[in-house]
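Worksheet for the structure shown next.
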Amino acid sequence: MSRLILSPHLIPSVSSASLSVAHKFPLIFQWPNLSKPPHSMLLFNRRFSAAKISMSLRAGIVGLPNVGKSTLFNAVVENGKAQAANFPFCTIEPNVGIVAVPDQRLNVLSELSKSQRGIPASIEFVDIAGLVKGASQGEGLGNKFLSHIREVDSILQVVRCFEDNDIVHVNGKVDPKSDIDVINLELVFSDIDQVEKRLDKLKKGKAKDTQSRVKEEAEKSALEKIEPALMDGKPARSVSLSDFEKDAVRHLCLLTMKPVIYVANVAEFDLADPGNNSHVKEVMNLASDFQSGLITVSAQVEAELSELVPEERIEYLASLGVKESGLGNLIRATYSLLGLRTYFTSGEKETKAWTIRAGMTAPKAAGVIHSDFERGFIRAETVAYDDFIAAGSFSAAREKGLLRSEGKDYVVQEGDVMLFRFNV
């Protein structure tokens, strides 16, 4: 289960008077193959660093104390800092930072439309306090950890895969499997407690109307499938459920239902070829077993990159034998795991990137901007991103017959640029 969180306060108010404003929306999941991807990505971050964010999803960075998660958070997040220190529980309250999603296409569209500003899509990173064994029973900062993690869309579990005698490991030695097991089991234990309580309540209560009874039966059916899996130490997301059953248990925000990406934190000399690191290999196998994602980063390298100007970052990454910083990898992995896409609106005033889920229809995609767009949806004038770039403008694409008029059933495709027509 994953949940896309909108930030209403970040979405501008829209009235019917806005109908005349050109809104173009393209869905873009694949990052373009640029001739110099690191350079363009870094310059993109710099150009749009102060821009207003159009929409945000939340990824919680978790891990045992001293695995490098707060160092990583500090490095990749422009706003908000955690107190990264060699001491367990130094991050007591979750620190939240919003990061612009690097996408060179926003630059291209902005230039073609002569936009006054470009507003990227965003991802919200949440640095969540470290936990220890027994967190589900309140050990360490377990209760705070478990409550904060329920609020995120996906989990980025930082796993220590480097040796450093100067940084104390909470369990005395570097052991990725043990670290992963501690966190996974604490999440499982918390879910078991919640599932048992909910099942007990469902068995005692009786829904008043037919619709509620049907939903409660679906929830009960789903929980009865999930409970034995949890008792076997398996995450809830590993259980096969119908769409209706998934919807029925969504409100519980089960921790092990959230998608997970394991972030193997390595030393800088392992960054170019992490496959030679035995700890990374172990995490790779575990990620495969748990049907989870995996990326390799060096939190220390990210921290050093954050202090350099773009040109120096490129040189530093090249000296390490890598082409891109960990931020791009984190964002791509999160988008992929959650099945997200990006579309744009583009005009003289501004060009925006918006995030939606794969498979969204045009009205739903329009609703991401404002509920009035979805409620009063009439049609979506659509042009593929490449066709838009070739034509040079929305009006030119219309003149060349590249513009399509799509209705309510149209599923927004990768690279679409769209103009929504609506009436409320």
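Glycine too: its Cβ is placed from the backbone N, Cα and C atoms.
Those TrEMBL annotations? Automatic predictions, nothing curated.
From a predicted model like this one, the values you see are computed outputs, not experimental measurements.
For reference, TrEMBL has these:
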BINDING   ASN66, VAL67, GLY68, LYS69, SER70, THR71, VAL266  ATP binding site
DOMAIN    57-339  domain 'OBG-type G'
Mean per-residue pLDDT computed across the domain 'OBG-type G' (57-339):
83
Starting from the Cβ of VAL67 (ATP binding site), draw a 10 Å sphere and report how many other Cβ atoms land inside it.
26
So how many other Cβ atoms are close to ASN66 (ATP binding site), meaning within 10 Å of its Cβ?
22
Could you list the residues of the same chain, at least six apart in sequence, whose Cβ is under 8 A from the Cβ of GLY68 (ATP binding site)?
VAL158, ARG160, PHE162, ASN265, ALA299, GLN300
Binding-site residues compared (SER70, THR71) - highest count of Cβ atoms within 10 Å:
SER70
On a simple 10 Å Cβ count over all chains shown, which one of the binding-site residues LYS69, VAL266 is most densely packed?
LYS69
